[in-house]
Amino acid sequence: FLALKIADVNWQSKLNKAAHHTSDYSSTEEILRRGQPFTKQLSFQPACLILLPDDDVYMANEKERREYVLNDSGIIFQGLEKHIQEEAWNYGQFEEGILDISLAILDRSLNHRQDPAVDVSNRNNPIYVSRVISAMVNSNDEKGVVEGKWKGKYRSGTNPLQWSGSVTILRKWYRGRYKPVRYGQCWVFAGVMCTVLRSLGIPTRVITNFNSAHDTNINLSIDKYIDISGKTLDLTEDSVWNFHVWNECWFTRRDLGSFYDGWQVLDATPQEKSKGIYQCGPASTRAIKEGHVNLDYDSSFVFAAVNADYVTWIHYSKKRKERIYSDTKKIGKFISTKAVGTNSRVDVTANYKYPEGSLKERRVYKKALKLLGVRSTGKRGKITRPRRRPSAACRQPAGKPTISGKLILNASPVIGQDILLTLALRNLISDFKTIKVKLRASAILYTRKPKAEILELSRSIKLGSEEVKDIPFKISYSQYKNSLTDDRKILVTAVCKTKQGASLLVEKDIILQDPFLTIEVLGPAVVHEPVNVQVTFTNPLSDVVTDCVLRVEGSGLLKDVARMGPMESSTVEFEIIPYKSGTRQLQVDLVCKHFSDIKGFVMLDVAPAQ
């Protein structure tokens with residue numbers, strides 16, 4: 001694959017020259033697409049372009065090759081497990097200069113600076129190259145491409161939500177003399193890494209894991225602590241993100257054996273160090289599914305991300321805490337990627353684990369515990385950290401629960417409108433009960449870290465024998481509008497306690513829906529011919545919206561990102577001139593100070609020039 005580097009050789013130029021000198025090929029993309037031997041036309045031998053079955057990155061299925069190497073746009077799934085959203089991303093791996101930039105990333109790596117000869121000699125190994133790229137896409141240890149940021153303001157850079165593709169980021173890093181680009185979060189790291197690896201000829205896709213565990217001590221238990229009012233306490237480094245995005249690459253594992261060939265997990269988001277630097281993978285999905293957490297690279301970290309238990313404690317004092325909630329099935333839900341040839345979502349959870357609760361899944365989980373040196377009582381969920389005895393002050397729930405409850409949204413929440421909810425409580429026994437309920441709503445990031453308190457209230461609820469009671473309440477727009485983060489997420493918790501001491505925790509993650517953007521292409525799209533595009537936006541707020549900017553991006557459609565001036569109406573029309581044929585993705589991003597970015601996209605088929 002395109003990982004060999006000869007000094008002072010412009011690869012993109014030579015590839016294009018070779019293509020134009022051969023009557024059967026029209027471009028670098030066509031050379032990759034056909035997968036035919038053409039290296040006699042070149043003075044160098046980039047193995048992946050030949051696509052021989054002996055290649056470590058060989059992918060036999062032609063449709064999959066087109067998707068995972070040639071497709072220059074895609075979908076990254078975000079949101080919540082019960083409200084999955086699709087975000088368009090422009091990979092643009094065939095845009096001018098991107099291949100040179102990808103090779104420059106390898107040349108700037110710590111490995112290359114320490115020993116250039118050894119580094120270059122290893123560049124025919126996708127295991128090595130992909131791991132180096134996972135370290136270089138983030139900037140934590142080396143002068144990598146993207147600087148991550150998950151808190152505070154983004155005044156000294158770009159809000160991660162405003163990025164729509166990799167090309168602008170990679171060019172900014174390159175033209176800025178390798179200064180890290182500010183700022184990125186997980187989907188940005190994954191999008192950039194997908195671009196770089198596809199440009200090098202390695203089949204790559206973007207994966208989203210909903211309810212993703214960040215298990216800092218790899219004991220397969222994520223502990224969350226709250227106080228008696230339901231407020232999240234910062235007592236642990238463990239966390240569960242609403243979603244986390246990483247990459248998979250397709251290649252053989254000569255270091256592990258053929259059983260582990262196929263999709264390999266790589267994660268450029270800097271979470272934990274691996275062998276001294278922030279890098280992750282490649283970890284075989286086969287190893288993760290079978291619980292082989294002792295295998296290279298970082299399979300234990302990825303296994304925990306999709307398999308850890310989720311345990312919530314009420315923290316009364318330094319000497320007393322009570323476990324009130326344990327869920328063995330919450331983590332690793334709806335693991336998703338874009339389908340081959342369409343923008344629909346494909347669930348790949350079965351590639352990572354056996355069905356939750358099945359005999360095979362429990363055996364794999366226990367195997368992983370044993371390999372990690374974590375002791376278990378035999379029941380999943382009752383796990384202790386190595387060499388630590390449970391405290392007598394750690395109360396466990398006794399017997400069967402006597403009350404149950406859930407939080408229900410009465411209508412789909414839309415930004416600018418009140419949020420209507422119902423707490424439904426049920427008495428599970430025949431005894432009369434008085435329940436003290438403490439409700440709390442907090443603005444959170446997608447990492448579920450609380451950023452601002454929105455609402456707090458207390459209620460006393462009386463339940464008769466096996467009675468069900470609905471308690472309605474609302475979070476008004478005036479209450480949340482100044483607290484909401486750009487992620488537009490709110491966490492609602494209800495801590496319910498009976499006089500007998502039984503505790504119940506009910507949680508609800510809410511994401512406020514975007515106002516709708518409609519995008520219409522007003523005519524046929526043909527290479528080198530202008531065509532108008534119309535964008536219509538409906539303001540959901542009661543406030544006047546001014547000073548908005550419309551950004552447009554799309555590989556093969558626009559040479560540069562277009563900017564529009566302040567909008568006074570809800571409809572904007574602009575012109576694009578496509579310069580590449582085929583199916584293209586046009587992205588629209590409405591930036592406004594009144595709310596976080598509103599994004600939309602449309603796919604259009606561009607005909608060749610007449």
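Using the three backbone atoms N, Cα and C, a Cβ is placed for every residue, glycine included.
Just so you know, TrEMBL annotations never went through curation; they're auto-generated.
Per TrEMBL, the features are as follows:
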type     : residues                       : note
ACT_SITE : Cys186                         : active site
ACT_SITE : His244                         : active site
ACT_SITE : Asp267                         : active site
BINDING  : Asn307, Asp309, Glu356, Glu361 : Ca(2+) binding site
COMPBIAS : 380-390                        : compositional bias 'Basic residues'
DOMAIN   : 178-270                        : domain 'Transglutaminase-like'
REGION   : 380-399                        : region 'Disordered'
Residue counts (helix, strand, coil, in that order) that DSSP gives for the domain 'Transglutaminase-like' (178-270): 17 helix, 41 strand, 35 coil
Spatial separation of His244 (active site) from Asp309 (Ca(2+) binding site) - C-alpha basis, Å: 17
Fewest other Cβ within 10 angstroms of its own Cβ, chosen from the recorded positions Asp267, Asp309, Glu356, Glu361: Glu356
Distance check against Asp267 (active site) for the recorded positions Cys186, Asn307, Glu361, keeping those with Cα within 10 Å: Cys186
Under 8 Å by Cβ from Asn307 (Ca(2+) binding site), counting only residues of that chain that are 6 or more apart: Ala213, Leu220, Ile331, Gly332, Lys353, Tyr365, Ala368
From Cys186, Glu356, Glu361, the recorded positions whose CA lies within 10 Å of that of His244 (active site): Cys186
Around the Cβ of His244 (active site), the count of other Cβ atoms that are within 10 Å: 25
Whole-number Å value for how far Glu356 (Ca(2+) binding site) lies from Cys186 (active site) (Cα to Cα): 26
Segment-level pLDDT (mean, integer) for the domain 'Transglutaminase-like' (178-270): 95
